[in-house]
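For reference, the structure is listed below as structure tokens.
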Amino acid sequence: MALKFEVLGRFNRARAAQLTLPHYLCQTPLFMPVGTQGTIKGLTKNQLEEIGCQIILGNTYHLALRPTSELIDELGGLHKFMNWPRALLTDSGGFQMVSLLHLADITEKGVTFQSPVDGKPMLLTPEESIQIQNRIGADIIMALDDVVRTTITGPRIEEAMYRTLRWIDRCIAGIYVSEVWLNVICLGIYAIGGLAGGEDKDSFWRVVAQCTAALPEDKPRYVMGVGYPLDIVVCSALGADMYDCVYPTRTARFGTALVPEGVLKLKHQAMANDIRPIDPMCECMVCKNYTRAYIHCLVTKDAMGSQLLSYHNLYYMMKLSRDLHSSIVEGRFPEFVCKFLQTMFPKGDVPEWVCNAMEVAGIDISSCCREMRFDVDKSSTL
């Protein structure tokens with residue numbers, strides 16, 4: 001199958017597109033839930049299809065450790081192994097250089113991890129990362145990068161940047177040369193990584209804006225590790241297309257639901273006698289069948305509580321993706337953004353960083369904001 005990216009609609013920087021992958025025809029902007037070891041915790045593949053999930057993200061490092069990429073390959077690839085008919089994306093293992101830094105030793109050759117499973121060393125090189133991802137058989141594979149925290153300063157940043165460029169060349173050289181993988185190389189999804197790691201929001205949106213302004217118009221742009229709904233709306237306005245994060249399911253396991261107004265904490269005692277659904281306007285199975293009081297009872301005692309909240313939260317994220325796509329295609333994106341912000345910030349206290357980002361995106365949100373204070377450097381880089 002020929003892989004391609006076709007823009008279907010635009011509003012200034014924002015775009016809605018169709019991404020053709022071997023296993024699925026995807027609509028962007030889109031959010032990808034994280035299934036670290038080939039599963040979204042608490043949800044079946046039928047439920048994921050039911051809520052409209054298009055792509056699941058798998059973790060190269062963790063899948064290589066257990067059950068191993070060799071076993072996955074022997075059993076027909078990750079799609080068959082987990083019985084998932086739609087698209088898969090595997091990360092490169094690079095993020096573990098930050099999340100498991102205490103277990104990692106980074107050199108020009110690659111990164112050596114101490115396995116959290118058996119303590120044995122595991123060398124992950126750019127070539128090996130690609131080979132592992134080939135065996136896993138994802139629709140989209142990522143190049144191994146030298147990842148550092150966004151809050152780090154000094155020469156380590158420059159070292160990581162140039163090493164990543166060298167590693168990309170090694171990753172491309174290590175790709176199995178077949179028609180499919182040549183198409184993947186030609187497709188060229190551009191990832192904006194290293195964000196959502198503790199940097200301030202003003203720096204966050206400016207980096208996204210600068211990257212999307214410089215990247216090719218005919219290629220997908222993937223902002224890695226971003227999962228807050230507000231961040232996704234802002235990044236989409238700035239021209240990004242794809243996102244992933246553990247946030248919707250991880251926050252569900254802590255008893256928190258995503259709602260248009262922000263979040264709803266189901267563990268709070270105020271929920272104990274509340275017979276309303278999580279979100280009265282939500283059409284998901286959870287909101288149609290269960291009350292806040294029932295889920296409150298579960299989240300403090302039973303695993304089913306986190307499962308129901310994970311279902312609801314991912315439904316919310318899939319609907320947000322669909323709404324972003326349709327509003328751009330139908331020419332009503334500014335109205336969608338204003339309604340989204342008015343619901344989340346009914347007092348008009350939209351954060352200044354959001355106001356500044358929207359001005360760069362060419363979207364007038366003055367009706368949503370109590371006070372507009374712009375300090376944007378309107379240079380050509382934005």
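Even glycines carry a Cβ here, placed using N, Cα and C.
Within the listed segments 9-13, 44-48, 114-118, 249-253, TrEMBL records region 'RNA binding' for the stretch 249-253. Looking up the ranges 71-77, 225-231, 372-378 in TrEMBL, the one annotated as region 'RNA binding' turns out to be 225-231. Summarising model confidence by region, the domain 'tRNA-guanine(15) transglycosylase-like' (188-344) averages a pLDDT of 96. In terms of Cα distance, none of the recorded positions chosen from Asp91, Phe95, Asp145, Gly194 sits within 10 Å of Cys282 (Zn(2+) binding site). Each residue contributes its Cα atom, and for Asp91 (active site, proton acceptor) and Gly194 (substrate binding site) those atoms are 13 Å apart. Using the Cβ center of Asp91, Ser92, Gly93, Gly94, Phe95, Asp145, Gly194 for substrate, the list of other same-chain residues with Cβ within 8 Å runs, in sequence order, Gln96, Met97, Met142, Leu144, Val147, Gly193, Met224. Here Asp244 (active site, nucleophile) is positioned 24 angstrom away from Cys287 (Zn(2+) binding site), judged by their C-alpha atoms.
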